[in-house]
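Undergrad: The structure follows.
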Amino acid sequence: MLTMDDIVREGHPALREVATEVTFPLSDEEKKLGRDMLEFLINSQDEDLAEKYGLRGGVGIAAPQLAVTKRFLAIHVHDEKDRLYSYVLYNPKIRSHSVQQACLSGGEGCLSVDREVPGYVVRSERVTIDAFDENGTPLKLRFKGYPAIVIQHEIDHLNGIMFYDHINKENPSYLPPDVDVFG
């Protein structure tokens, strides 16, 4: 079982590397790590397990956060209508994104960042993702709102980008007009 001790923190070089694509068939280790990542997210959202194991609540995690610079991630997040998006995605790519932008009212956080970083992180409000499941089956997935923000945050990790790289340095509280605000 993964715990917070397995997650690397900001400053670790894996968080700034561009991760390499996985090849199929996946190794048993890659499959297990993907499943363990999803299990971590599920456990972190369970109040009792989170307290017992000292887990910070998370809705997404990427392999580089575990010092594995390969292109896969897990998300376990509900949208505004309580629909669950629970996936382990290998080699995810953003196929298309909306012009409409969105952000979280309280900014973003990250399991690899142990401090609060104030500021808006403006992202696309909708994205379409091409990816593969652990068996190499191609997937085309659409996300909007909060789940779209989460998936973009995790894909950024695969490209060596941290959420705070998107914050306006001169004015972190600047919010461009017509941005949808969630949360």
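Glycine is no exception: its Cβ is also placed from the backbone N, Cα and C atoms.
When I checked Swiss-Prot for this same protein, it listed these features:
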ACT_SITE  Glu154  active site
BINDING   Cys110, His153, His157  Fe cation binding site
Undergrad: Would you list, in sequence order, the residues of this chain other than Cys110, His153, His157 that have their CB within 8 A of the centroid of the site's CB atoms, where the site is the one recorded for Fe cation?
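TA: What remains near the Cβ centre is Gly60, Ala62, Gln65, Glu108, Leu111, Ser112, Glu154, Asp156, Met162, Phe163.
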Undergrad: Can you grab the distance from the residue listed as 'active site' over to Cys110 (Fe cation binding site)? Cα atoms, rounded to a whole Å.
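TA: Roughly 10 Å, rounded to the nearest whole number.
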Undergrad: Does DSSP give the residue listed as 'active site' helix, strand or coil?
TA: helix
Undergrad: Can you count the other CB atoms that lie within 10 A of the CB of Glu154 (active site)?
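TA: Cβ-Cβ neighbours of Glu154 (active site) within 10 Å number 23.
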Undergrad: Does His153 (Fe cation binding site) have same-chain partners at least 6 apart in sequence with Cβ under 8 Å from its own Cβ, and which are they?
TA: Gly60, Glu108, Cys110, Val121, Arg123, Phe163
